[in-house]
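Chemist: Before anything else, here's the structure in question.
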Amino acid sequence: MALRQTPLTCSGHTRPVVDLAFSGITPYGYFLISACKDGKPMLRQGDTGDWIGTFGGHKGAVWGATLNKDATKAATAAADFTAKVWDAVSGDEMMTLAHKHIVKSVDFTQDSNYLLTGGQDKLLRIYDLNKPEAEPREISGHTSGIKKALWCSEDKQILSADDKTVRLWDQATMTEVKSLNFNMSVSSMEYIPEGEILVITYGRSIAFHSAVSLDPIKSFEAPATINSASLHPEKEFLVAGGEDFKLYKYDYNSGEELESYKGHFGPIHCVRFSPDGELYASGSEDGTLRLWQTVVGKTYGLWKCVLPEEDSGELAKPKISFPETTEEELEEIASENSDSIYSSTPEVKA
């Protein structure tokens, strides 16, 4: 008997969740940041979804959000014509980077010294975060608004996607190396450093390309329009979500559909695997983030698989256990952080 997938629901946002990103694994675990049209990006503990804080300061929808590897810095891209860099430990705003149009994408270099941005003005910008007053380097060539911009090849190259084109750039010469053209709008792009793999979604297609040459590797067709896809760190599975509210899980090698289930009450805009591959997160039009187990029934995070007594004759059922927090403890936490980014306590629930 198959065990039922029981997601953890992370509430707190009031508008559609349009982007999310995990940090690397740190001594304190790993972390998750979400971008939302409510203009209030949120930071959470990655394995449980527990809310840590909200970055307050944007005056428009936040379209993109990311964390550096060690989760000490966050960056956000917004409709208020700015990108912001944050101290992810204290929640303080470190700098505001003014743009001439809506900013859609932000990405740190591996050493966290540079930030790449892209947006509606069709320009890629590279900011030296150690010299915030300096003008950014700019790369032009896109013919429509940039949806995603990512460092690749150990920060020697840049990948960027606009409406129907994905381009590969040389960072040193700031020139285009190669481009891919699609017959429909590109909805998402994910870069996997281990193996230099690029995951692109457009229409119902989930395509895998070499991030070095942009040559095709393989592709899958889904039953519905897909907005986002993510490849497991061990390259065993991929998950995808889109317009039919469903999440799809595929075997990466064979292309076989392993699972599909309706997890949200609106189209899914973003999905990403955690750095350890134990779970994946999805963000939706319904304003929630949900966390899903890669292997259902495994004890991990807030999921606890409780096996029955041998003589009970019952089938094993996965159960969710939650740490208890009293009202007094919540009030104490709130008072301790009254001068920081922590302003409310969104729930995490099954």
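Cβ coordinates come from backbone N, Cα and C, glycine included.
Whatever TrEMBL says is automated annotation, not expert-curated.
According to TrEMBL, the record shows the following:
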COMPBIAS  325-334  compositional bias 'Acidic residues'
COMPBIAS  335-350  compositional bias 'Polar residues'
REGION    317-350  region 'Disordered'
REPEAT    55-96  repeat 'WD'
REPEAT    96-137  repeat 'WD'
REPEAT    139-179  repeat 'WD'
REPEAT    261-293  repeat 'WD'
Chemist: May I have the DSSP-based helix, strand and coil counts for the residues of the repeat 'WD' (55-96)?
Modeler: 0 helix, 22 strand, 20 coil
Chemist: Could you tell me what the rest of the chain brings near the repeat 'WD' (261-293), counting residues at least six beyond its ends with Cβ under 8 Å?
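Modeler: Cβ under 8 Å, 6 or more out: 5-11, 13-25, 30, 32, 34, 36, 38, 44, 46-49, 188, 190, 227-234, 236, 239-247, 300-301, 303.
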Chemist: Using DSSP, what is the helix/strand/coil residue split across the repeat 'WD' (139-179)?
Modeler: 0 helix, 22 strand, 19 coil
Chemist: Please list, for the repeat 'WD' (261-293), how many residues fall into helix, strand and coil according to DSSP.
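Modeler: Breakdown, helix to coil: 0 helix, 19 strand, 14 coil.
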